[in-house]
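Trainee: Okay, handing you the structure first.
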Amino acid sequence: IVKSRDSITHQDHAPAPPCSRGHTPPTLQRRSRRTMVDVTKWPLFSLMEGEELSSIRQACVFGTSANEVIYITHNDDVFVFGLNCSNCLGTGDSQSTILPKKLDFLSGRKVVSLSYGSGPHILLATEEGELFAWGHNGYSQLGNGTTNQGVAPVLVSASLLNKRVTEVACGSHHSLALTNTGEVYAWGYNNCGQVGSGSTANQPTPRRVSNCLQNKVVVSITCGQTSSLAVVENGEVYGWGYNGNGQLGLGNNGNQLTPCRLVGLQGLCVLQIVSGYAHSLALTDEGLLYAWGTNTYGQLGTGNKSNQLSPVQIMAEKERIVEIAACHSTHTSAAKTQSGQVYMWGQCRGQSIVLPFLTHFSCTDDVFACFATPSVMWRLLSMEHDDFLTVSQSLKKEFDSPETADLKFSVDGKYIHVHKAVLKIRCEHFRSMFQSHWNEDMKEVIEIDQFTYPVYRSFLEFLYTDNIDLPPEDAIGLLDLATSYCENRLKRLCQHIIKRGITIENAFSLLAAAVRYDAEDLEEFCFKFCVNHLTEVTQTAAFWQIEGNLLKEFICRASRCGAFKN
């Protein structure tokens, strides 16, 4: 379930009663959504420029095929783009858009929670406690008392008029909202009791879920496709709705029309709960992980594909779990441990992974970007755009910085400021030079006369960033440097740039450079280009200015390839 928070702060509630074990649970704090995530792992973001990407504060990819996006900028402007199924973009029309469109009605409102259904329909809660809905409404899941499509965001009022909503959750076609006083409201499709009203009649407007939740303070909610779950402040879990595969964890497979406590979790204090399509995961205050429900793809992580009607502990042999992830539109599960290891299981790119599999990801969000079907976001994602810099970002920032540098290169009368330690770590040429010849009394300016300023600056910048940005003509000089300094990776990057920049006019010059610097792959590429465009290439100045032996070798080699048969 996509949401921007997992619990509400206790300043809005009475003190939590002790857990059934006899100890007081830790505050169900809002877990940080600030995480280093590359949103371009979701293909929809790949067309956006760097400046646009850096403006994003929150984002969510959703839809039956992960073809829709909503994102919020640092200025609290709300943008959408994508396929627009069932008017889910809220733009006021049914047109798809590959370019972001601004939702003026929502701009300026700080978003605290967002969720989506299968239609899809969208629920969005603001910092002021307002709830907005739009999109598919065939079952009144927008809570406006009608079944008319919501082409644009509309304030959900009715029984929520004077309530402050802090969290929202969507099932396939039903909706839940949690208030700051710990009340749960539900509406929409109710064929299996997922609204918790005690009947199976659809609920057109928000209705408070009561019964055994009447005197409970709920701190977190989640939805499967047609089921609902809630965590109360003492760590108990309650479920209602469809239970044909045991997704409510009640020990049976009968639907539940009103909330019922999961006795299988008795004695445990649950901090986080998430639901997949028809399975659920629960994380306790001791870092223990429990799973139940359908297991067709191994999404329970039990090592088999047998459904579980009651919660079973998994990953017991692993270290403490600190976060779990699932989404009602997928059969994928993920978890993160205290040391930062991320595991995934269930349906992963079509494969059934029946045991938690250790990945190289740094966050659970990457699992859904790369392996979930569809590749939606399991929560409203918040990007980290504060003053914190990674090691690589810090190195990049300090390149050519006079304030921190302890060494200067003078090239063509211009200085390039660097750090001896970085050069020694990154380049064998400098490591050998400094160890053999450098001491504290030597000058801190090194003169370079065999390479141009653009070439040498690009080389030094490469040592800080792993990237080069040069036109093909300058890349020739950098290729010479890379060959001289035995920098094989840099040599390959130069060849790549040269290939991308080859033209009729420079083709023969590039071929000559490839021969001169013993770049066999580049030489073959340039040779084939020259042969394919032989008539045009032989009319360029570069062709007739080339050294005689190379020209003769080219003609002979081209002849052997049949270039002159006509």
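Yeah, the Cβs are placed from backbone N, Cα and C, and that goes for glycine too.
What TrEMBL shows for this protein is this:
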- 1-34: region 'Disordered' (REGION)
- 1-13: compositional bias 'Basic and acidic residues' (COMPBIAS)
- 76-127: repeat 'RCC1' (REPEAT)
- 129-181: repeat 'RCC1' (REPEAT)
- 182-234: repeat 'RCC1' (REPEAT)
- 235-286: repeat 'RCC1' (REPEAT)
- 287-338: repeat 'RCC1' (REPEAT)
- 405-472: domain 'BTB' (DOMAIN)
Trainee: Reported in the order helix, strand, coil, what are the DSSP residue counts of the repeat 'RCC1' (287-338)?
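Mentor: Residue counts for the repeat 'RCC1' (287-338) by secondary structure: 0 helix, 23 strand, 29 coil.
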Trainee: Within the repeat 'RCC1' (182-234), how many residues are helix, strand or coil going by DSSP?
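Mentor: The repeat 'RCC1' (182-234) comes out at 3 helix, 23 strand, 27 coil.
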Trainee: Using DSSP, tally how many residues of the repeat 'RCC1' (129-181) sit in helix, strand and coil.
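Mentor: Counts, helix then strand then coil: 3 helix, 23 strand, 27 coil.
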